[in-house]
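Worksheet: the structure to be examined is printed underneath.
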Amino acid sequence: MGNASSIVQTINVTGDGNVFKPSAETSSTAVPSLSLSPGMLNPGGVPWIAIGDETSVTSPGALRRMTSKDIPETAIINTDNSSGAVPSESALVPYNDEPLVVVTEHAIANFTKAEMALEFNREFLDKLRVLSVSPKYSDLLTYVDCYVGVSARQALNNFQKQVPVITPTRQTMYVDSIQAALKALEKWEIDLRVAQTLLPTNVPIGEVSCPMQSVVKLLDDQLPDDSLIRRYPKEAAVALAKRNGGIQWMDVSEGTVMNEAVNAVAASALAPSASAPPLEEKSKLTEQAMDLVTAAEPEIIASLVPVPAPVFAIPPKPADYNVRTLKIDEATWLRMIPKTMGTPFQIQVTDNTGTNWHLNLRGGTRVVNLDQIAPMRFVLDLGGKSYKETSWDPNGKKVGFIVFQSKIPFELWTAASQIGQATVVNYVQLYAEDSSFTAQSIIATTSLAYNYEPEQLNKTDPEMNYYLLATFIDSAAITPTNMTQPDVWDALLTMSPLSAGEVTVKGAVVSEVVPAELIGSYTPESLNASLPNDAARCMIDRASKIAEAIKIDDDAGPDEYSPNSVPIQGQLAISQLETGYGVRIFNPKGILSKIASRAMQAFIGDPSTIITQAAPVLSDKNNWIALAQGVKTSLRTKSLSAGVKTAVSKLSSSESIQNWTQGFLDKVSTHFPAPKPDCPTNGDGSEPSARRVKRDSYAGVVKRGYTR
């Protein structure tokens, strides 16, 4: 049967001697960060075996997949399997002829960590009679000598000894047992977290304390009636002690108090020192900053040579516009009938059902030139607009998207005869109510949508122009004097690209982009009018990641140099020595340092400044290249240090939280006082509570044991 010894500790949840003294060095942690992504667990390869002893493994077909039938019986019956939770003995586990797979050390380590995570709740699982014996992944593994590889050709040069292998059935059975236990722990884990957050059980720095009996009284007073902690108080006490070294229970039988937490390594990494933030925090922040820089691809966004559009493009993001407020010469994807055209003209179009619709065109009417638009979704919202006139009430009226085709440019239209074909692709009916202001009628939220895809229009004639208009339509003729609006573009137009790889530059679709040439090449107006998939917007999105990385890493203030601003300073120092036109100004290093720092701070505040011509420093592509490459170098050469200001600020902030926490716990001990030695008690040793009747007594002992 084997040798075993047990240790039994007897605790009294409401008794004397228990300790509640959270500290930064004993902060509670129980979250197992498992790395179970497919890319980490696989591929470990598969085991291969030679067909015969006399056959050379280099011969064609000399290796075959190893199966469970190839494992000796002595290896199948794993004598080390003493847990029995998921037994590997052939009498208990289905012993079918299955292919074997190699298990990586990464998988073994993570499944073992998952087993450890379950044991935080061992006493509760025993109470439920779930997973009554601790699982042990290693008991399901068999170690064999074999060739290892994903293919036979790879395996023939990779013979290994003592390779851990497992069958799919055993692997599935093991994971199912872990999942069943986790399912049983769902509400239990929530209730434990409620108990740990109902009052402060952690402190960012230093130490705080409160009488444990006061803490227990507060929990008894405030926990929900259906909390599992009420039903299983003793098991909860043990589980909390394992998570938080500041919660300690006295062993009644021995009169000793011991720290039962199992997270000493993690807790120490989470605790700050006397002069520095926690090691875990510094590591995580540096990792985040480096991930952002990697995602931005500094080499791509600073390239001086063309980059293919699909490489430079980012996942498309919607952009909002008010078409009526965009300058036609900036928004090159718009067209407009000149305002000087005097007489409006009416046209009649149909929709896909053959219904006839009437609409008016006049001077000032605007359309989207679909020939300059990549596949796009248009959504127009007139919500909040009025469009009311003396003889025109928008309530009940219809607005629609109309697609035109004509060989005559839109800005030259003066009559319906100049239009080739037109169709209503979608329309909605408006609902409007009188505004609080006189003579206005506010339109409710609308969603007039159209998905434009060039293939729908059968563009075979290169001389044909295609346009999209949004305006009022009606089944009867619309009197021009009643409805005088040129269109309904005075609304919120949301444009969402339907393709990810297409890029435009100022309204023109391009096949490649020179990123460095984008720097300082847009006016604020042209940037505002650029399409959602414009190269400038792609550049700004990538540059924003650089700015965010700098913000995470850099705590320098305005006019202060830092590792991330000095790349600009170095470029400025050289550029002022270069021969050029005009009067050269030589700035000393102190001035250059401030100029570089201010440029970096402006970039962090608004990354789009690198694109617009208004930026005094970073609109120069040389300064931008220096910054993009310098930030990458700065982060790659950084250790686990923190900025001076960051360290001081975090420590002083942590001390303020510590003081607040202790003040709160002092109030807990005041309003839920622990019984004094001379206070009368009930028969079970607990103090009578005038506040409420106890629904579930915490009094009693728990015997906690484990084998070794």
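Glycine residues also receive a Cβ, built from the backbone N, Cα and C atoms like all the rest.
Now, the feature entries from Swiss-Prot:
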LIPID     G2  N-myristoyl glycine
CARBOHYD  N12  N-linked glycosylation site
CARBOHYD  N81  N-linked glycosylation site
CARBOHYD  N110  N-linked glycosylation site
CARBOHYD  N458  N-linked glycosylation site
CARBOHYD  N482  N-linked glycosylation site
CARBOHYD  N528  N-linked glycosylation site
CARBOHYD  N659  N-linked glycosylation site
REGION    674-708  region 'Disordered'
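Taking the C-alpha positions, the distance from N528 (N-linked glycosylation site) to N659 (N-linked glycosylation site) comes to 49 Å.
For the glycosylation sites shown (N12, N110, N482), fewest C-beta neighbours within 10 angstroms: N482. If you take the CA of N482 (N-linked glycosylation site) and look 10 A around it, you hit none of the glycosylation sites from N12, N110, N458, N659. Distance noted between the C-alpha atoms of N458 (N-linked glycosylation site) and N659 (N-linked glycosylation site) is 72 Å.
N458 (N-linked glycosylation site) is surrounded by 9 other CB atoms, counting those within 10 A of its CB over all protein chains shown.
In the three-state DSSP assignment, the secondary structure recorded for N482 (N-linked glycosylation site) is coil. Rounded to the nearest whole angstrom, the C-alpha distance between N659 (N-linked glycosylation site) and N110 (N-linked glycosylation site) is 39. Each residue contributes its Cα atom, and for N12 (N-linked glycosylation site) and N110 (N-linked glycosylation site) these two points are 35 Å apart. Taking all protein chains in view, 16 other C-beta atoms sit within 10 angstroms of the C-beta of N528 (N-linked glycosylation site).
When secondary structure is read from DSSP and collapsed to three states, N12 (N-linked glycosylation site) falls in the strand class.
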